[in-house]
Amino acid sequence: MSIQVHDTLTAQKRELVPLEPGKLRLYVCGPTVYDYSHLGHARCYVVWDVVVRHLRARGLEVRFVRNFTDVDDKIIQRANERGEDPIALASRFADAFHEDMDALGNLRPDVEPRVSGHIPEIVALIARLVERGFAYAPGNGDVYYAVRKFPEYGRLSKRNLDDLIAGARVEPGEAKRDPLDFALWKAAKPGEPAWESPWGKGRPGWHIECSAMTQKHLGAPIDLHAGGKDLVFPHHTNEIAQSVAATSDGLHAEDFARYWMHNGFVQIDDEKMSKSLGNFFTIRDVLARFDGEALRFFLLGTHYRRDFNFSDQVLAEAERRLSALYETVEKAERLGAGAAPAAEPAFVERARAALDDDFNTPQVLGIVAEAFTEANALADRKGKKSSEEKARLAAFARGARAVGAVLGILDRPPAQALTAIRDRAAARRGIDGGEVERSIAERAAARAAKDFARSDAIRDALLARGVVLMDGPQGTTWKVE
């Protein structure tokens, strides 16, 4: 087994080799909790959830840490607008974030540290940087990192200092020695949360938080650091500078994290999703209209490093494909029930290999689609199933569930999933499920009375509204086209 990942630091695909055999330490930058999570968060955290699932399925003991930033300028601004305590506001939106992640089927990290609970560690790390000459306190209560002291500052982002200086500036009231320097500690301001420090009361800057929490919960160096590609600069660039300067004499980026992985953006009509453009969707906006597993399935259809376009149309198509997968699993489990165990289908190992190759989920879904086509052909073949055919169907169903467990899909009873997906689709189309059920009952009565003209008329009327009836041994069920 060899797992290959695209490493942002080296811009190459590399074999993922943990520092300690059999164990892997992963840190993912979590959300700044000042509002409900958006589709970009859904994409990001589904990606890293699949990474964790696959690494564990491959036998690695993964320690997964993802933080909450609950002390930040945006949180303070939002809290002031609402007349609310900043920490309380952040806690409320952290709870909402958990609800959204649960709806998407994401596993909880092993540790979820919060900035507000790690102030002593942050202060100690800043003091260490000052002691080592990488940070300075100009005397106004702020502390800054001296960027030019760190020789590999632009290595992750592939930027040099000359390029960066053109866009750098010193804000009024700042006491930076260099426009490139960034704040590690900010002096207290009225109405803001603040903590004691050697430089006076204040609060941490954004970047130092993750460095301190990574070191406390994973040590240094760690194996893998991940997040959205918008964090490459400045956040992850600054994390490297802080963490390496505090813990290593070699001053190489690998002394903090051996590998760096970043996921792409969610776009709307080829533009990055943003509130200013009016194309912003929260996870809750989408889950009010679509099933959570369908959204997850949709997100897995694009390689994690690529940007992709979101629309209701493509999500509805993903929902339809997921329903088809569940229909096939239902048939395979029903027809293969009680069959003697068969060998694991070849598609399962092919799926593992695709995930080993930089977590290629679109390729996995393509492999699964091929296998489902074969399973459908076998399940729909007329006549009684042989013992061998039943065993093949049972093996397919187990294989589908195994691949699904790594992707975080196909984990519900088919009837439950199909009903949930159908009901969301019906609601979007303005179809009343109760009315459909009454029409089905009326059609059943017409058929019992041999009034087939009436039966066909009811069926055709429902079909015209996008409702497809399916007659089976257990009665009539329905779905939305």
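Numbers run from 1 along the shown chain.
Positions of Cβ are set from backbone N, Cα and C atoms, glycine also.
Here is what Swiss-Prot records for this protein:
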| type | residues | note |
| --- | --- | --- |
| BINDING | Cys29, Cys210, His235, Glu239 | Zn(2+) binding site |
| BINDING | Lys275 | ATP binding site |
| MOTIF | 31-41 | motif ''HIGH' region' |
| MOTIF | 272-276 | motif ''KMSKS' region' |
His235 (Zn(2+) binding site) in three-state DSSP notation: helix
Beyond the site residues Cys29, Cys210, His235, Glu239: chain residues whose C-beta lies within 8 Å of the centroid, for Zn(2+): Trp206, His207, Glu209, Ser211, His225, Gly227, Leu231, His236, Asn238
Chain-internal residues, separated by at least six, CB under 8 A from Cys210 (Zn(2+) binding site): Tyr27, Cys29, Asn67, His235, Glu239
Across the motif ''HIGH' region' (31-41), average pLDDT on the 0 to 100 scale: 96
Residue among binding-site residues Cys29, His235, Glu239 with least C-beta crowding, 10 angstrom cut-off: His235
